[in-house]
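Enquirer: According to TrEMBL:
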COMPBIAS  1-53  compositional bias 'Low complexity'
COMPBIAS  61-73  compositional bias 'Low complexity'
DOMAIN    459-491  domain 'Ig protease IdeS'
DOMAIN    549-651  domain 'Ig protease IdeS'
REGION    1-83  region 'Disordered'
């Protein structure tokens with residue numbers, strides 16, 4: 001009502017002048033109609049309110065939904081529960097806790113952990129025998145509690161009936177010891193063998209699949225494969241005292257903040273994780289037992305032991321007081337190993353253990369100042385004199401055993417070549433410029449290059465920026481068909497709905513740098529939440545039932561069996577190479593890469609380079625997280641990054657700063673020229689030249 005008093009019972013309304021309402025179905029007001037249901041509101045001269053959480057007139061309603069005038073709007077922050085059902089899986093192997101914080105804004109579905117012998121997981125439905133509604137790790141939006149049921153598809157055998165074999169490789173991730181690999185078939189739910197790696201001062205927590213600290217599999221956990229993989233040990237600091245242990249405190253900033261405390265076995269060697277903190281212009285050179293010391297007692301990465309409780313303080317020095325030592329994995333993936341050490345002048349260099357991973361290679365446990373020189377190599381664990389800056393490369397040998405499990409997918413005729421999507425200009429040396437952060441070089445954008453770099457600003461819309469990039473390219477290469485289509489529509493007197501294809505490469509200086517992205521970010525249709533670039537691209541071209549607008553070319557594709565966009569979530573060396581080669585070499589579309597930086601992220605892939613064996617060894621991408629401004633004031637954003645593969649073949653991208661990011665998904669945006677041609681022939685329209 002207009003002036004609400006006290007409501008008790010199940011969310012009661014009140015009338016014009018305050019009284020007290022009690023009971024389940026109360027409501028009053030000036031000339032009030034009938035209120036029914038459990039939680040009814042009221043208003044001046046209201047009719048009938050029904051349903052469970054109604055608002056009220058004049059003033060705000062109560063409980064989970066708020067009233068506004070005579071309108072009820074959903075509370076966007078109300079939390080619902082998503083419950084996972086194995087739907088016939090071998091549920092004794094894995095369980096999945098429910099998601100309890102799903103809102104109408106959306107949340108990413110937990111990665112599937114259910115397993116079923118002889119079957120592969122394909123997605124989620126809301127009923128046991130229904131069609132797939134959600135893919136693995138897709139964003140779900142909740143307006144009520146949701147039950148999700150795993151959907152299973154029988155694992156096909158090859159034409160001979162043979163079962164494909166895959167292998168699990170184990171990496172100690174800074175620990176000690178060696179574990180042999182194990183084999184598992186694609187139909188088998190297998191058990192990961194028991195961990196035998198150790199690390200003094202740390203407890204084994206489980207296995208990750210990308211070298212970070214995210215536990216994906218437990219020790220002796222169940223696993224089902226569709227490709228060979230590498231499992232990396234995850235270590236947690238041991239934070240409780242045990243028999244015959246001593247306490248070690250690491251105080252890197254000498255101020256009692258950002259400290260780490262753990263317990264190591266007395267008298268047994270250990271080494272701590274590398275420091276990741278910064279301290280102004282100074283560099284971290286090692287540790288000392290003396291606070292605020294300028295003398296390094298213990299270099300980073302060196303094995304030490306203590307017989308009593310000890311506090312180690314960080315030693316920070318000026319750059320002119322140290323030698324810089326670059327640690328290069330020489331094509332491999334760095335696992336718990338820094339790219340640079342700083343050695344105090346006058347000290348010797350202890351060569352830390354090599355913690356790198358490389359496909360079809362095994363470590364020789366040696367460094368060299370030449371990436372291919374083995375004669376004058378240095379053995380890890382030894383100490384050498386140093387009187388200048390050094391660049392040390394990890395040395396590898398062929399792993400004949402791992403070669404048996406090569407995933408293939410290479411393109412022999414592509415060796416040492418570069419391929420871009422259709423009509424995309426291959427950059428020349430003169431096209432590159434230093435970026436504004438003075439760290440790396442990017443290609444400067446100009447009209448006609450036909451790659452695009454939409455900046456997402458501070459929004460959670462990397463997927464929408466990627467879809468916008470792809471759509472700008474798609475409308476460019478299909479322009480002759482689009483113009484012919486518009487003429488056809490005009491000749492029939494039909495209304496034409498056209499996308500805003502405005503594009504200006506300036507990022508922060510012009511928020512509306514892309515008319516397409518503007519529809520995602522300012523149209524009020526999608527909201528500022530994560531999603532899928534393939535979904536966004538399909539909405540633009542074909543439309544989406546639950547979203548207004550978009551669907552600019554639905555008529556062209558509504559009778560087509562071809563995909564406008566595709567998503568692949570099991571990324572291996574084979575799948576990445578085969579997919580990228582088919583799309584880019586044959587110029588059928590452009591792509592995007594899903595990865596993990598500080599969270600899930602996606603970037604647009606425009607071109608690739610190949611090594612001498614026909615495997616992709618580099619990618620040309622644009623990343624919407626960066627505005628693309630150059631040091632000279634121009635704008636660009638096309639970058640080149642290395643591609644490396646770990647011991648099981650999983651691809652990673654390595655940027656100019658040496659950071660590596662796993663490929664978690666591939667997205668393909670198809671040109672679908674055949675559908676344009678089919679449409680024009682069906683309508684009797686002359687094909688554009």
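Every residue, even glycine, has its Cβ placed from backbone N, Cα and C.
Remember, TrEMBL labels are computer predictions, not curated facts.
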Enquirer: Mind tallying the domain 'Ig protease IdeS' (459-491) by DSSP state, helix then strand then coil?
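Expert: DSSP composition of the domain 'Ig protease IdeS' (459-491): 29 helix, 0 strand, 4 coil.
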Enquirer: Considering every residue in the domain 'Ig protease IdeS' (549-651), what is the mean pLDDT value?
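Expert: It averages 88.
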Enquirer: Run through the domain 'Ig protease IdeS' (549-651) and tell me, per DSSP, how many residues are helix, strand and coil.
Expert: 17 helix, 44 strand, 42 coil
